[in-house]
Amino acid sequence: MLQLPLVVTVQVDLVLVLITSLAFLTRLSWLSYPNAVVFDEVYYGQFVSLYVKRIFFIDDSGPPLGHMILALGAYLGGFDGNFVWNRIGAEYPVGMNVWSLRLLPALCGALCVPLGYLLALELKFSHVSALGAALLLLLENSLIVQSRFLLLESVLIFFVLLALFSYLRFQNSTSSSWSRYSWLLLCGVSCSAAVGVKYMGLFSYLLLLGVASVDTWSLIGDRAVSHLSVCVQCFCRVMCLLVVPALFYIFWFYVHLSVLNHSGPHDQLMSSAFQASLKGGLSRITKGQPLEVAYGSQVTLRSSASQPVPCWLHSHKANYPVRYGNGRGSSHQQQVTCYPFKDVNNWWIIKDPNRQELVVDTPPKPVHHGDVIQLVHGMSSRLLNSHDVAAPMSPHAQEVSGYIDFNISMPAQNLWRVDISNREAKSEVWKTILSEVRLVHVNTSAVLKMSGMSLPEWGFRQLEVVAEKTFKTHSSGLGWTVEEHRYGTSQEQKDREVELHSPTHIDVDRKISFWSKFVELQWKMLTLKQEESEHKYSSGPGEWLTMKTNIAYWLHTSTNAQIHLIGNLVSWGVAHLSLLAYQLLAVIYLLRRRRGFKDISDGAWEQFVRLGCVCVGSWLVNFVPFLLMDKTLFLYHYLPALCYLHLLCPALMEHVHTHLLSSPTHRRVLHVCILGVLLYVFLCYWTFCPLTYGTPELSASQLQRLKWRDSWDILYRRQ
């Protein structure tokens with residue numbers, strides 16, 4: 001029976017409510033200002049526009065979840081994608097909802113402050129230390145700036161902090177109910193989201209897996225827990241921390257590929273099959289082409305090695321020079337190259353060596369794996385040939401040519417065996433777009449490939465094609481894919497030339513599986529390296545520790561109003577001092593414990609070690625990898641690592657206060673020092689607010705006084 005009265009008891013942490021409110025106030029106030037493109041908004045905004053228009057793109061800097069989050073905010077604000085993100089400082093149009101564009105990164109940045117508070121509590125430190133950590137995060141100018149624009153660092157930091165908090169909440173839960181595993185499940189989803197925003201999230205995920213592995217190993221050794229319970233708990237941890245993140249990571253890409261189904265500027269980076277699955281672009285040409293390549297088929301062959309620029313097997317009515325510049329002789333036969341543009345000279349005809357006809361039979365006779373064929377150049381009727389003559393730019397490989405009979409005892413060697421490398425059966429039929437084939441020269445067993453070398457002026461700077469022995473070359477980059485295909489119907493040369501000039505478009509769909517697209521896109525994102533260029537505001541990891549550099553994010557077109565990525569120098573310095581202090585204290589503790597002295601209890605030691613694993617470990621995995629990277633880096637790359645030092649500092653002060661200072665006088669001195677530091681942190685935050693929010697406008701002399709370091713680039717107009 002229902003018992004009356006019904007009583008609901010609610011506990012509200014007013015400190016948590018207060019710091020959360022202040023976080024929203026500092027991150028969301030005047031979010032639409034400035035009404036202009038700010039620094040990397042010019043980069044991420046392009047992807048947002050492509051998302052809204054559902055146009056496919058590749059960003060080699062990270063997976064798609066971060067772009068999807070930014071695009072969601074733009075979509076909710078009614079953004080139609082029609083804005084040209086071509087320069088920093090470009091004014092947004094009047095009807096554009098700038099507040100909505102920047103809302104989700106700002107929300108994530110604001111929520112990082114209460115997450116820092118809760119994390120400190122889960123590390124078993126007091127509410128006072130938790131408040132100190134929250135205040136350091138709250139008053140960090142660089143975190144505020146990075147949160148208020150169309151950027152991804154605040155989103156990454158939010159998911160990483162949420163993953164750590166969720167795991168610690170699970171680990172600290174004393175409840176034996178299955179509800180505690182909801183925290184572990186949230187941890188797995190957050191880890192997947194962090195990696196899905198930027199690949200740098202992977203390092204924090206691996207650290208968390210390391211901590212979880214140690215905890216699980218301790219669980220296995222606990223004899224008080226039954227064997228069945230240990231097995232069940234280990235299974236749940238594997239599912240939540242390994243399987244769930246992998247499934248969600250795949251899910252981000254499923255959504256990404258489902259939304260971006262239209263042809264775009266990055267199509268040429270992908271395979272022909274991938275391109276043909278997109279609406280528009282290559283699919284307008286390839287839809288409705290015959291699927292099975294037959295004798296008499298007219299085809300264009302795209303090299304799988306031609307990345308990121310596409311390249312097709314090509315020939316033209318020009319011969320190799322009799323002698324090359326270094327004095328070596330050639331066959332003087334017709335040039336065969338790889339040409340990075342669509343051209344009628346890219347067409348070849350698949351010929352049966354046992355018959356002369358160059359048209360498709362009725363019914364068509366398909367080409368299978370292992371068949372021997374000849375390739376006839378459509379416009380010149382020359383047969384694709386190779387022989388024991390050194391290639392022009394790659395003398396270790398054989399020259400490939402269109403055969404011309406000069407009656408000089410050089411017989412034709414124009415037979416090629418079809419080797420389908422991605423076949424599923426022994427007698428697989430050669431398929432348009434789907435099959436990747438190697439063309440093996442029958443006489444010499446050399447494989448047709450693009451070398452990547454550019455020919456001299458006599459070869460019109462086109463790319464060299466050679467035949468290379470398989471034991472001399474790598475297995476990758478030897479494949480060719482039929483991209484455009486039709487069944488030839490013209491036997492006469494003039495009629496065939498007219499046919500080759502005609503389009504091949506028919507409206508019929510052809511699709512490839514999600515898994516094929518997922519694997520290809522993964523590989524492309526991991527291997528594609530865009531050309532790096534030095535940037536005015538780039539910096540190295542060593543410069544981040546002392547904040548030697550700043551970044552000018554925005555400058556008003558006519559006034560001195562401006563926004564800079566500058567950190568809070570006071571909290572920045574205190575954070576790094578706390579890192580050094582923790583390391584020094586840890587060494588002292590370890591040496592003394594090795595000698596048999598226990599300065600603190602086992603419980604306090606365990607808490608101290610856990611603090612180091614979470615805060616110092618997280619700082620290391622978010623900082624050290626940048627020391628090994630050969631890419632353009634900026635100050636904002638350091639912000640995820642900095643957040644953990646802001647968590648470390650108050651916790652370390654509490655440890656010193658509780659376990660190292662016994663004198664009331666010493667403790668009072670520490671209290672005064674802490675209050676003084678917090679006051680200076682606030683004053684530094686307030687001083688740099690005009691450069692954090694871009695308002696109020698400062699005079700030239702005021703801006704000069706804010707240049708606390710000579711290496712900073714503070715901009716101003718003399719008035």
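Backbone N, Cα and C atoms are what each Cβ position is placed from, and that goes for glycine too.
According to TrEMBL, the transmembrane segment annotation covers 6-25, 62-79, 99-120, 127-144, 150-168, 203-222, 234-255, 569-591, 611-629, 635-657, 669-688. For 290-353, 364-421, 425-485, the entry in TrEMBL reads domain 'MIR'.
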Per DSSP, what is the residue count of the domain 'MIR' (290-353) in each of helix, strand and coil?
3 helix, 30 strand, 31 coil
Average pLDDT across the domain 'MIR' (364-421), rounded to a whole number:
88
Using a Cβ-Cβ cut-off of under 8 Å, list the residues of the same chain that are 6+ residues beyond the ends of the transmembrane segment (6-25) and lie near it.
109-114, 117-118, 127, 130-131, 134-135, 138
Quick check: do the transmembrane segment (99-120) and the transmembrane segment (203-222) share at least 3 Cβ pairs under 8 Å, counting only pairs 6+ apart in sequence?
no
At a threshold of under 8 Å on Cβ distances, which of 127-144, 150-168, 611-629, 635-657 pairs most often with the transmembrane segment (203-222)?
611-629
Against which stretches of its own chain does the transmembrane segment (635-657) lie, if we need a Cβ under 8 Å and a gap of at least six residues from its ends?
112, 116, 119-120, 123, 125-126, 128-133, 136-137, 140, 142-143, 146, 151, 153, 156-157, 160-161, 200, 204, 537, 539, 541, 543-544, 547, 549-551, 565, 567, 571-572, 574-576, 578-579, 581-582, 585, 604, 607-608, 611, 614-616, 618-619, 622-623, 626, 667, 670, 674
Can you work out which residues elsewhere in the same chain, 6+ from the ends of the transmembrane segment (150-168), have a Cβ less than 8 Å from its Cβ atoms?
38-41, 44-45, 48, 62, 66, 69-70, 101-102, 104-106, 108-109, 111-112, 115-116, 118-119, 122-123, 143, 183-184, 186-187, 190-191, 193-194, 197-198, 200-201, 204-205, 208, 211-212, 614, 618, 636, 639-640, 643
With Cβ distances under 8 Å as the criterion, find the stretch in 127-144, 569-591, 611-629 that has the most pairs with the transmembrane segment (669-688).
127-144
Tertiary contacts of the transmembrane segment (611-629) (same chain, 6+ residues out, Cβ under 8 Å):
119, 123, 125, 160, 164, 168, 200, 203-204, 206-207, 210-211, 541, 544, 579, 582-583, 586, 637-638, 640-641, 644-645, 647-648, 651-652, 655
